[in-house]
Every structure is written in structure tokens, then in C-alpha cells.
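Engineer: Pasting the relevant annotations from Swiss-Prot:
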type: BINDING; residues: 270, 273, 305, 312; note: [4Fe-4S] cluster binding site
């Protein structure tokens, strides 16, 4: 029920990864990456499907060998979400997966080889109508750039990116997006800021190698939050040393927090104190798990007492305000006569939320999972 985001998006060109539009005002796409052995087709497909269930828009798959490229052919046949091939060192792998229907090629300028190899990749991408991501990483810059700057700096990442943007420009190839990732928040943020002033191509955001689930989520929220709040970014990936499913959840949580792209429930819950009249923490944890399948955007406030509860409920789709034995229930900001038994609240709230989601879905107020222009 809150107003939409006040953020003005940076203007960019449009590319498509499969049917997913990227840039030029398209919704910011959430990406993740498999961490299985790509040659283990069953495990990789299972992980891709798990990512699809939590709403991923695009999945990147590492293709380190020709054997992995052959496995990718089978993986692609069993996947519906667009797949990006992550290519390092051997440009010929990019040519092979293009034959097998890959939706985007990610190349690392720091190790893909000389310009003649890039020309071959670009020619192949043009033939198959596949976009490319120029993926700059602070940990794998070209040797001459490392020697020039001594260490990764925003200027170093920018120079690497612009060197390869210029190559694609000379080849008259404009179907590409760019990333300038680093594990340091300020290095990444300042690199993206510089790049955003130089080009109008879509930008893929990420704090690379951010860390474990907790620390990596915090780093990513700070770094990507800064950039997104400035209107910078067209796709994102949260890089965690954790289950890739968590990357997708955190990515949507960041977009949801900035009101850039709503998907699923935005829980508003108090941290609790001695005033709470019911188990707020247990209620929120249970509902987050039970309602993971819902993608209907709505704000749900769960507040343990009457200090802030009524005020939050007024701007929530569904709200509950703690009171002794039975708590107040709000829908669309209006207090209802019905009250919730504090001991049975979880089941009651779940039922109310699901019923409300069905109504909103029927009214076409749902944000679709896949960002397909044809939908």
C-alpha cells in the first residue's frame, strides 16, 4: 500500500536474454548461478529448477571444459529459464554452447585472449542473435592494467571495461551488457558510477565474492542499494558462499526494500520487547516459510503491541496489532471486527494472506515471475 519507488532509472539500451528484456526501463532482473558440477546434468538441472521456484529470471552456468559444453546441451533442453554461459580462458567453448542454444555469453576480458578471439565470439553471437556480457572482475584484470595501476581501482576496472566496449563498438555489435564487479563495496560502487557515465548499455550489478550468507547479504545490500538508489543497474546477482536459492531471495528483498520491483510479501515486523502480546518472532519466521510460494506483492505488518501496530497496519495490505489474548486485524488499512486468537494466529494469518493474494491475483495486480514482453 506504500507509494512506488521515487528512484529514476538510468536510461540504457535494450537487450534480451532469451525472452527476458534487459535495460531501457525493463524491470530489474534477478540472476543467480549454479554451483554444481556442470557435467552432473541431473544435479545442475535440479538446482536450476529450484532457482526457478523462487523466481529467478536468469541463471548463469559455468562452462569450464568442452565436456561441460556437451553437458550444457542436455541442461538447456531441460530448462525453461534463460541460461548464461560463463566462459573463461577458452573462447572455443563459447562457440560450442552458442550452437546448443545458450541465451547469453559471459566473457571475462582478463582471460579470454586477444582481440582476434573476441572477434570470433562476437561473430558467433551475431549469427545466433545472442547478447554478450563483458564481465570485468577486480580479481582478474589484464596484466598490463594490473601493472599500470598496481592494484584494482575504479579507474582500472573502467579502463578494462572501455577497452572491450570499444572492441565491440568497432565490430558494430551493440547487443551487450557490462559489469565491473569487485569484492570491496566502495571499489565496486565507484567503478559502476564511472562506467554509468561512459556508456548507455545495460549494467549487470554485483559485489563479487561477497562472503557467506549473512555478511555477503549485508555487503550486497549496501553496495547494490547505493547503486540502485541512484538509478544504476539493469540486472543483479547476489554472490554468496551459500545455497544459490538464497541469492535469489536476497536479490528480491533488496529490490523490494527499494520498491523497485515487488515480488512476494514484504513483512513489517517489530523487533519485540516486553510489551508484545504474542510471539512475533515465531509468527514471522513461520509465515516466511509457509508463504514462500506466494509471489503476489503485498505488505504484511506483524506488530506485537499497540504502540506502532495501528499506524503500520494503516499502510499495510494485511496487518495485525497485538492485544491481550486476541489481537486486532486490519485489511487494506481498515480495522476489521474480526480479532485473532493469539495462540492460533499463525494459521489464521496464513489463511487471510492467501485469500487476499487470490483476490489480488484475480484483479491482475500480480507481478509476473518471468520478465517476458509477450506476457
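Placed from the backbone N, Cα and C atoms, the Cβ positions cover glycine too.
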Engineer: Taking the Cβ of residue 273 ([4Fe-4S] cluster binding site) as centre, how many other Cβ atoms lie within 10 Å?
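Structural biologist: For residue 273 ([4Fe-4S] cluster binding site), the count of other Cβ atoms within 10 Å is 10.
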Engineer: Under 8 Å between C-beta atoms and at least six apart in sequence, can you list the same-chain neighbours of residue 305 ([4Fe-4S] cluster binding site), or say none if there are none?
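Structural biologist: Listed in sequence order, they are 270, 273, 275, 276, 277, 321, 322, 323.
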Engineer: With every protein chain in view, how many other Cβ atoms are within 10 Å of the Cβ of residue 312 ([4Fe-4S] cluster binding site)?
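Structural biologist: For residue 312 ([4Fe-4S] cluster binding site), the 10 Å Cβ neighbour count is 20.
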Engineer: Looking only at DSSP and grouping its letters into three states, which state does residue 312 ([4Fe-4S] cluster binding site) belong to?
Structural biologist: helix
Engineer: Taking the center of the Cβ atoms of 270, 273, 305, 312 at the recorded [4Fe-4S] cluster site, which other residues in this chain have a Cβ no more than 8 Å from that point?
Structural biologist: 271, 272, 275, 276, 280, 303, 304, 307, 308, 309, 322
Engineer: With every protein chain in view, how many other Cβ atoms are within 10 Å of the Cβ of residue 270 ([4Fe-4S] cluster binding site)?
Structural biologist: 20
